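Report on the structure given below.
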């Protein structure tokens, strides 16, 4: 017990609240039995229905606080140890402490607030229940995701501002400056600007937080219905129920429907006449008889003890104790996807004793009970409490335990239940989801700020050094020239030591610019707006643009090393799709949803049948989304009445148009409208599984001939009596029978008369039932044990047939059994019962009647799979070693083969090799074609591609197929050369064949002998399972068994006894189920796709290429997480997956062994999978945690499943703390991701369909995961480069300018005199050098976005801090110092020592000033800035021209005749001297020339990655490839609606033809390119988009996807360079990691044509 007690953190609460203790004890092998409330709860029948993943949830935990939480645990009243000073500090700093009561919180369950018991527990003033810990009312239900309060903003912001070292430095200087007699520049010239600049920064931060407050207000003001028993009601407060509840206040459950036996589960049949008038949902009865009204309250107004009424699809506003509900068996379902990431619905039940009281209206109105619950805590998976009811018979109090099945938490959604009444037990910040959020999120600061602070420290040291140096010079000159009355006219006056030193410090202190941070704030505001205005990151479906809520850390978007992503709703689309199935040894693709997916949103929005560009073309077709109703499109694809070639499908002209659709309602239900049709089954090309399927598996290259359900249904309709057709129909029937879905017929006229809503707690079953409907087996109704199915025996166009099946028993699925069974009495088999079982492949295979054969085949498949994966891994390792040798053979030999996977950021090996290869080429020639050739040579030798991995897969599977041909004979379908032999005679069947297309189907199916060959079917089925699993699909194996009626009845008695047993019920039920689930016959396999969002796989692959490690942290179960890992390519086919569990005997040895293997380079790709229970164990052991973190930093990826929100935050914090220079990014969409988002350096929220919880607290929000690519690779890189260049240019100009002051002191005996005129000196940073640094900080783009997206390896520039570091800073300091020396000394020599007109301070300073202003402007805008445009020229003209105007205006400001002759010197003296102008010109040009020569020499000798690709992207052929590679990311911006005249003016400019101003001419010209009315592109080759120009123009130019016109290479030039550059296109395609297929001209032309259409 000592060990267990040591694990407890809240030992005196109602329960320990330490579920880590249970896990730790379980891990340590504790066997002593303790009786706890949870054990009692599990022994009762009322504890809730069996949940598939309950055991997994009980093992998962996360009882810890992330490091940012400031949490203090006290028991009893806080007044004892909670001092007044601590309270004040907590209020000011907005710190939150957690206190605990001695025996839990006691809450009366009373609807009548006038009852004596309620008044005793409530305050007299407002009637709110009292929190015993504070003797104050419980907190309200307001939540706050903002970072500051009214009281905490000022102290926290002052801390944040003075953490910027420059502000601290200037504050000290300002204090010294205000000391009388010390300052020579005024008293308040530093403190006032400092306060203004800090005020601007604080105002911007206040505005950002104000927006968060505004979003909080939106959620806090949501309405909810509250039951109130009060005679005085305000009519305006009465809550209006949803129409669905008003129309059917008494929703009939399955049991009620069985009693009334209606023909359908129809809402209209659930009328007032069928329900119990005393039921709680008779709201009229509650109102009229019991004076219970439904009031509308805002969420924030809810208090503990309120009775909340929820209706279907409502969000749960607070943590509620269930009182009653109208679901079947008093059961309700909640979706907790936003809470813990689980996709399956959870079953919840009110306590049976409590439900007895509140089920009736009278009981609900008059209930008087009490509940004692635990104090607020972070444990999402456990709950403990006591229900106290009074026994009126003997006046005793009965206590009943409450468990997690009796409560529903905030962040959940009520599903499949009409009405629920619950009482608030935790509100606001004390709810579970808010307790898991960080209570005191830290103020985020960029990593670059730390470097800036160090540089400022260095500059302070420099200022102090040169100030002391100047003072030393002053002392020496004073002794030499002033002391001993040598300068008698000064009367030996001395200012003193301190004033003299301070004068130098004040003169030099602006080397550190005072406006540094405020200028950076202005730049970052513009940067954030440019991100928000990016149309490529706009999600049209949800109308969600990119939103920047924090401008402070913009540059960190370009430095990310780790990405932590949620799964549900972030990577996935929250949809389960029935994608593939295997039947009798042949695999089939179910692609019914591909033509009607949400990807058509843009097309449906305009209601036009338009073509959209695909991510990958197939078989020469570039159709990605096609409306099947467009016959023109079908004609172009060949689906018309024209003769059908081999391999093509028949025409759809005779098929009725599809009108079926599916409307998903979360993961709980789907409304299916319309009847099945052949047109609905018709899909696009076979290989298009979904957006992400194109990169799911390399096996597609071999499996591209897979047939679809369209082909299968057509075959069944043509040959209904064939053996395969009979088995297929039986398989479809099994899909429709073996499930627990509830069909509900709806009669919403707007939906359609044939619409049926399927409700299920499992999204997988929802996908199976909808697939059965697609295939012609419609689950129509369920009444008691009768399941009605509508079939179409004569085809979808024929008359439907209703069949009734009696469901005798359900054997439910759970996490131990991993299978589900249903026993059915078939209509035509009265003496037999059909058992249909579905489950995991290993579970079903070991229960087949020939299990030995299945086991042998499974072993063979496993061996083959292992050999294939080993071959793939070996290929990857060889490629990596070759890559390392090419970079640096000697250096890499001394380092680990896996050093690129360590936590220390490293450069891309591919780019290093490219640079080395190009440098070797450059030593001989600068031929660009040889540059490309060198890149291609490098990639061909060492770079892995999907085709090479695919070739390994194909070779392995072809070898297996060859063995099958040798074993089963040449008439097997995979041979493809022999006609299969079915029951129908060959000659007869050949006469019935109309097309060769039928032959392909028959060859795919195989002969009857093969279909009946059990060994063959099992082998092919296991092979299909392997292929499906590799693609990341969730597989289920179906099996069946016929049972004699007598055998069934005997078993049913035993099964009934097990279900009614009072002891060990669960074990006995499982044993009885296992008894009947034996000796099964294999039926088929289904593969369900957890649909990823568009572009997720491609995005993750590019993220990996960028050198960013991606982790997936999810609350879902392990199997689901691993499947998604395969789907999104987080786990490769050849990956070594290391699973860490609490059952591992020596887990630390296991982790060390894996770490050593990774270090040795023997693992090609390593992924660690860990669950929440194991993480909880690691938390209690620092040694385990340190070893685990070290292992994770070496692996390629980590998947953490069953993770609580706090555990997600802990994982992020642990990695963030390993290296302070690493930048972490967390992305999620739900409330369970808030803590993770706040813990990371950068938090990105997905503002999607499931609410704005994560988006509200995030730093940046986007609509889809794929937008992360442009956010990081383009805007992140630009922001990092702009900020770095701004910092460098700022320090450069300050050092260049103020070092001239130091040099000039030698000519003034170090007197502290300034070289420059005071007004000019004060305006230097404001008027003459602010624009160039602002422009480079706002608009710098070193490379084009298409280059950055196509070559993600370039992202390492920011990740490795190559844009701003000490080396680069010192390089700029040396350049600035050199220029200062050149300018000042040459000025003295050329003007000061030779001028006869005026060689005083004023002209010397004027020449210096002119040269420095010109140098800074030209260097910033033309030397350092890559995208030179009109803004660069404008800023230079304004700055330099403004300085000249200023010089002319200075005499007006200084109109008095003084020795310092400003008033007349320029016009009357040196301004007329040609030497002055020549000196100014030479000093302005010479430093600029030296800078240009230095930069050119550097680019030629040591080119950076940016230099290489900046040159390559200027070439037309390379730009074309780059645009094609980035088309999917930039398509929206390129194809967005634009002004047609823009393209007209552009083409006029390129073609050098006269511009026309006639609108009619422009309209005619545009109409000749494309048609705006119907949105269709004219593909006619006769169309000339160059208007009235000659055909030579169209032959000379082509249009890129971006709309840019480029010249076509001439045929003569192309042929002459065929030997050298003929393969440049192919080579560059490999380099840029474009799709693996060859980019054919017709594909490019289709992109161009679509681009021309979208330019309208």
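Placement of Cβ uses the backbone N, Cα and C atoms for every residue, glycine included.
Among the features that Swiss-Prot reports, topological domain 'Lumenal' is placed at 1-164 (among others), with the record citing a curator's inference. Looking only at the topological domain 'Lumenal' (1-164), the predicted model's pLDDT averages out at 59.
Swiss-Prot lists 51-60 with the feature compositional bias 'Basic and acidic residues'.
As annotated by Swiss-Prot, transmembrane segment applies to 165-185 (among others).
Residues or ranges marked as transmembrane segment by Swiss-Prot on the basis of sequence analysis: 452-472 (among others).
What Swiss-Prot records for 473-495 (among others) is topological domain 'Lumenal', and it gives a curator's inference as the kind of evidence.
Tertiary neighbourhood of the transmembrane segment (496-516): same-chain residues 166, 169-170, 173, 176-177, 181-185, 190, 193-194, 197, 456, 459-460, 462-464, 466-468, 470-471, 474, 1290-1291, 1294-1295, 1298-1299, 1301-1302, 1312, 1314, 1325, selected by CB-CB distance under 8 Å and a gap of 6+ residues from either end. Under the heading transmembrane segment, Swiss-Prot lists 496-516 (among others).
For 627, the entry in Swiss-Prot reads phosphoserine, with the evidence type a large-scale study or a structure entry.
Annotation source Swiss-Prot lists transmembrane segment at 1158-1178 (among others).
Break the topological domain 'Lumenal' (1179-1318) down by DSSP state and the numbers are 86 helix, 21 strand, 33 coil. Taken from Swiss-Prot, the feature topological domain 'Lumenal' covers 1179-1318 (among others), and the record attributes it to a curator's inference.
Taking Cβ pairs closer than 8 Å, the transmembrane segment (1319-1339) reaches residues 510, 513, 515, 519-520, 522-523, 526-527, 530, 1282-1283, 1285-1286, 1289-1290, 1293-1294, 1297, 1405, 1409, 1413, 1416-1417, 1420-1421, 1424-1425, 1427, 1429, 1431-1432, 1435-1436, 1438-1439, 1442-1443, 1446, 1450, 1453-1454 in its own chain, all 6 or more past its ends. According to Swiss-Prot, the transmembrane segment annotation covers 1319-1339 (among others), on the basis of sequence analysis.
Tertiary neighbourhood of the transmembrane segment (1366-1386): same-chain residues 451, 455, 1288, 1291-1293, 1295-1297, 1299-1300, 1303-1304, 1408, 1411-1412, 1415, 1479, 1482-1483, 1486-1487, 1490-1491, 1494, selected by CB-CB distance under 8 Å and a gap of 6+ residues from either end. Sequence annotations record features per position, and here Swiss-Prot assigns transmembrane segment to 1366-1386 (among others).
Across the topological domain 'Lumenal' (1387-1395), the DSSP tally of helix, strand and coil residues reads 6 helix, 0 strand, 3 coil. If you look up Swiss-Prot, you'll see 1387-1395 (among others) marked as topological domain 'Lumenal'.
As annotated by Swiss-Prot, transmembrane segment applies to 1396-1416 (among others). Counting residues 6+ beyond its ends, the transmembrane segment (1396-1416) has Cβ neighbours under 8 Å at 1289, 1292-1293, 1296-1297, 1300, 1304, 1313-1317, 1320, 1324, 1328-1329, 1332, 1379, 1383-1384, 1387-1388, 1439-1440, 1443, 1447, 1460-1462, 1465-1466, 1469-1470, 1472-1473, 1476, 1479-1480, 1483-1484, 1487-1488, 1491 in the same chain.
Annotation source Swiss-Prot lists transmembrane segment at 1433-1453 (among others). If you look at the transmembrane segment (1433-1453), the same-chain residues 6 or more away from its ends with a CB under 8 A from one of its CBs are 1317, 1319-1320, 1323, 1327-1332, 1334-1335, 1406, 1409-1410, 1413-1414, 1417-1418, 1421-1422, 1462-1464, 1466-1467.
Summarising the annotation, Swiss-Prot assigns topological domain 'Lumenal' to 1454-1473 (among others).
Residues 1375, 1378-1379, 1382-1383, 1386-1387, 1390-1391, 1394-1395, 1397, 1403, 1407-1408, 1410-1411, 1414-1415, 1418-1419, 1423 of the same chain lie 6 or more positions beyond the ends of the transmembrane segment (1474-1494) yet place their CB under 8 Å from a CB of it. The transmembrane segment annotation in Swiss-Prot covers 1474-1494 (among others), and the record cites sequence analysis as its basis.
Counting same-chain residues at least six beyond the ends of the topological domain 'Lumenal' (1387-1395), those with a Cβ under 8 angstroms from any Cβ of the stretch are 1307, 1403-1404, 1407-1408, 1411, 1470, 1473, 1475-1476, 1479, 1482-1483.
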